[in-house]
């Protein structure tokens, strides 16, 4: 019983904290709407990133903060000019989407930069530029993972597409629709087997890690947008663009390319 209580406190915060507002989260389940009530416990007040005295998006010059942005959730800087968080159900859905996209963006940013960085340091494994790597499947011989045909050898784009749809569709459908493996777990921060290092065991540290995850995730989403723009404008990967900028900052920067860029040329 004591062990169970300790584990429960690691995910809900310290005993005696004021419970926050109830949020209704609508979740699709194979075409049928399913509503679940979830009460969120306010994060540890010791953290400077939560509560009414948390940092705001413009610091002391921030305008009046909406009443529904109380600092209860990580990443809340009091900015909602468009009123996207006014509806509790929409707010809950948007928070879930932001966390998930943040995690994908962090993985994507690593995948866009790490292979190119390795190639710059002498590691050879075929095409390293992220937006060119996938096209190797159309080349003679197909696409070899890490340039090694003994690992994953892909020759059919249709097979890759079907595999992606089946595997990702199954996992995402299970996450959205729910299932026995997820019963009783927070859909965003499940813990347990998903936290093998026990990083969320301490509620104060857990509250800080939630903020760090969102801050880095937001940066990663902007980075991915920048990688797409760089690919369209320069036709180079992010590491090569960085090298070019360091070598000649005046000629290789966003302003220089924006003033000279002609679509289609």
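Backbone N, Cα and C define each Cβ position, glycine as well.
Within 10 Å of the C-beta atom of residue 85 (chlorophyll a 1 binding site) sit 18 other C-beta atoms, taking all shown protein chains into account. As annotated by Swiss-Prot, chlorophyll a 1 binding site applies to 79, 85, 98, 218, with the evidence given as similarity to another entry.
Taken from Swiss-Prot, the feature chlorophyll a 5 binding site covers 212, 230, and the record attributes it to similarity to another entry. In the three-state DSSP scheme, residue 230 (chlorophyll a 5 binding site) is classed as helix. The number of other CB atoms found within 10 A of the CB of residue 230 (chlorophyll a 5 binding site), across every protein chain shown, is 20.
The feature chlorophyll a 6 binding site is assigned by Swiss-Prot to 245, 254. Classification of residue 245 (chlorophyll a 6 binding site) by DSSP places it within a helix.
Residues or ranges marked as phosphothreonine by Swiss-Prot: 40.
Taken from Swiss-Prot, the feature transit peptide covers 1-37.
Annotated transmembrane segment per Swiss-Prot: 151-171 (among others), in sequence order, evidence recorded as sequence analysis. Tertiary proximity for the transmembrane segment (151-171) is limited to same-chain residues at least six positions away from its ends with a CB under 8 Å from its CB atoms, namely 137-138, 141-145.
The annotation transmembrane segment is assigned in Swiss-Prot to 219-239 (among others).
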Inset, instruction - Give the distance between the Cα atoms of residue 85 (chlorophyll a 1 binding site) and residue 230 (chlorophyll a 5 binding site), rounded to the nearest whole Å. - result: 32
Legend entry - Intrachain residues whose Cβ lies under 8 Å of the transmembrane segment (219-239), provided they are six or more past its termini: 101-102, 105-106, 108-109, 112-113, 116-117, 120, 128-131, 257, 261
Inset, instruction - Could you round the CA separation between residue 218 (chlorophyll a 1 binding site) and residue 245 (chlorophyll a 6 binding site) to a whole angstrom and send it over? - result: 24
Legend entry - Spatially closest candidate among 212, 230, 245, 254, the listed binding-site residues, to residue 79 (chlorophyll a 1 binding site) (Cα to Cα): 212
Inset, instruction - Look at the binding-site residues 212, 218 and tell me which residue has the greatest number of other C-beta atoms within 10 angstroms of its C-beta. - result: 218
